[in-house]
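Quick look at what TrEMBL annotates:
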| type | residues | note |
| --- | --- | --- |
| DOMAIN | 133-414 | domain 'PDEase' |
| BINDING | HIS209, ASN210, ALA211, VAL212, HIS213, ASP250, ASP359, GLN410 | AMP binding site |
| ACT_SITE | HIS209 | active site, proton donor |
| BINDING | HIS213, HIS249, ASP250, ASP359 | Zn(2+) 1 binding site |
| BINDING | ASP250 | Zn(2+) 2 binding site |
Amino acid sequence: MEVCYQLPVLPLDRPVPKHVLSRRGAISFSSSSSLFGAPDPRQLSQRRGAISYDSSDQTALYIRMLGDVRVRSQVGFEPEGRGSYPYLCIDFRTLHLTPSPVERLRRLLSFQRYLHSSRLLWGTTHLNPLHILDEDYIGQAKCMLERVGSWNFDIFLFDRLTNGNSLVTMTFHLLNQYGLLELFQLDMVKLWRFLVMVQEDYHSLNPYHNAVHAADVTQAMYCYLREPKLAKSLTSCDILLGLLAAATHDLDHPGVNQPFLIKTNHYLAKLYRNSSVLENHHWRSAVGLLRETGLFSHLPAEEGLKMERQLGSLILATDISRQNEYLGKFRTHLNQDDLCLSNASHRHFILQMALKCADICNPCRPWELSKQWSEKVTQEFFHQGDIEKKHKLEVSPLCDSQRNSMGNIQIGKL
């Protein structure tokens, strides 16, 4: 069968018709949706997108996931300048290398390929969690999951054993282990589809901010949730939100930091007014997938919205620029000895701190694991610095390969 590699070029953001804005439930739809008028019959592909809006809802924009953005593969400038620096037309998927046509299609086709290969999603298996494990995990991966609570867990080996599906496998296993599927009556097919889509919306070309990092953070979060004093106080809802936040906390990360997006006038920086740009995007992307898959659609509407807000509160806490704010609040609680885990707001704060620790915990892993993470984050930082040098932008801290080493980058992170 002939495959068309030339995909239609779509604008990065589009005004949303008023009749769409009135439908708050339609947060996620395809680029050829009838919401925008009759689709072009020549368009052979569709793209997922999301409506992202703030409380004022005055200038809602139709935005597409960064991973699905299709722009010129040659780095350049748009004709119209925007602010101090014109918007850099950078395809974030080609920052690290120029992929082959097959690789360019990988992210678009992977879920369809999974649909065809998974008997579960075709409805030919019994909806039994253990059956899914037997079908999709090989023996060695299952053995590793028996030690999933170990701080020495080797996520790189686990990712190889699961054929690059460590995030889906890890998160599904932990949710099932806690009995959350039955407790919240989560549809197994919807959950599996949600996790597959989450994994696919991480950029595999990022050396560090990819699905393996998300799986590692999810496993670390599980270790923290098992701490005896915390474990006896957490509710099932706390655990569900903690694991989902860990799995989605860097969703659709472009492989560059917030200052880079701001100084290049990226549309996400404008959309979120230069405040927690990446974290807001990770949260909104996660909400888009939750609504697209209908994972919480069976819950009362207010309960579903509450869970989305709490998920956002956890993900936004990972903004490194707010580190002192959270540490100061934590020190105050410790000094006053007033943390009460029977208090829902105090438990939520501890979950925020746990996710923050899980996000940056890899320097505390065993050396053979920590060293690999150090190499990956250094590679990603230096690549951003090379791009900034190429376009005569100020090089971000820790991103200059001529002035920084892997060692002082790790000191800077800690």
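The backbone N, Cα and C atoms fix where each Cβ goes, and this holds for glycine too.
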Take the mean position of the Cβ atoms of HIS213, HIS249, ASP250, ASP359, the recorded Zn(2+) 1 site. Which other residues of that chain put their Cβ within 8 Å of it?
HIS209, ALA214, VAL217, ALA246, HIS253, THR318
Of these binding-site residues, ASP250, ASP359, which scores lowest on Cβ atoms within 10 Å?
ASP359
Given the binding-site residues ASN210, ASP359, GLN410, tell me which ones have a C-alpha lying within 10 Å of the C-alpha of HIS249 (Zn(2+) 1 binding site).
ASP359
So how many other Cβ atoms are close to VAL212 (AMP binding site), meaning within 10 Å of its Cβ?
25
